[in-house]
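Peer 1: Attaching a single structure in structure tokens format; questions to follow.
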Ligand SMILES: O=C(O)[C@H](O)[C@@H](O)[C@H](O)[C@H](O)CO
Ligand SMILES: [Zn+2]
């Protein structure tokens, strides 16, 4: 008997909720509202949300070892000082592409911040294709471009042995893998790991569990998938009461709960009436698997 429970824990609607990160020390969940242009921090004990406004779309937020956070905002990497509520630009990318913005990002096991860009959407998942690139913000604040021709740069994570990088370019409808060199931060040997089925929607955010399996949030699919990278097979599906599930991370006690963000942007009144929790954040408990603590940017 499965005892999986799905619960909407953050009722406040995000236009595009994204980039959830569990903060163990504070017991809080960090996330962004991409087009709502804010970085938020939710405390499950008090149900209180703190936020800071950004001046452009904010694709992701990651913790920083020296304190505060780093974000991908517009086409810039920037540092957030949470105490003083100030944002300082670190580096600029895609300078020739004024219509671009950062999307999903995550820190690698060596403390580098990986984040990708995309063109501006006219409607969800509709945009000029191939405008994005995948970047690394190194700990010395230099920027490296790994590749371009990306449609919607999205979910990413590293294998438990750090030798593989998993990556989603949403409009390819696949989860890809690369060989990863942790010493140099280099990617090579791209291949497709899993192709989504039609009814599964668009692959969006992704995270790994302690068994090395991947969890993928499916935009317009209303579900999260568990993929075994060893076989390339889907081994579990958990459905949610909203279609626009965007991203996910493990958190809570011992990282045994899966937090899933969602979006409501692009939904008409009838759709919103059917799914009143769209834009909220969900907690899935009883999965029987745990996740990994996030890495912090080391620069
Ligand atoms: O959630 C994200 O990653 C993007 O910011 C969104 O724009 C959606 O992903 C996209 O619309 C469908 O892939
Ligand atoms: Zn995403």
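Residue positions begin at 1 at the first shown residue.
Using the three backbone atoms N, Cα and C, a Cβ is placed for every residue, glycine included.
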Peer 1: Which of 18, 23 shares the divalent metal cation site with 154, 204 per TrEMBL?
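Peer 2: Among 18, 23, only 18 appears alongside 154, 204 as divalent metal cation-binding in TrEMBL.
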Peer 1: Under a three-state reduction of DSSP output, how is residue 121 (substrate binding site) classified: helix, strand, or coil?
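Peer 2: It is in a strand.
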Peer 1: If you measure residue 101 (substrate binding site) to residue 154 (divalent metal cation binding site) at Cα, how many Å is it?
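Peer 2: A Cα-Cα distance of 12 Å.
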Peer 1: Would you identify which of the binding-site residues 103, 154 has the most other C-beta atoms lying within 10 angstroms of its C-beta?
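Peer 2: Its Cβ has the most other Cβ atoms within 10 Å: 154.
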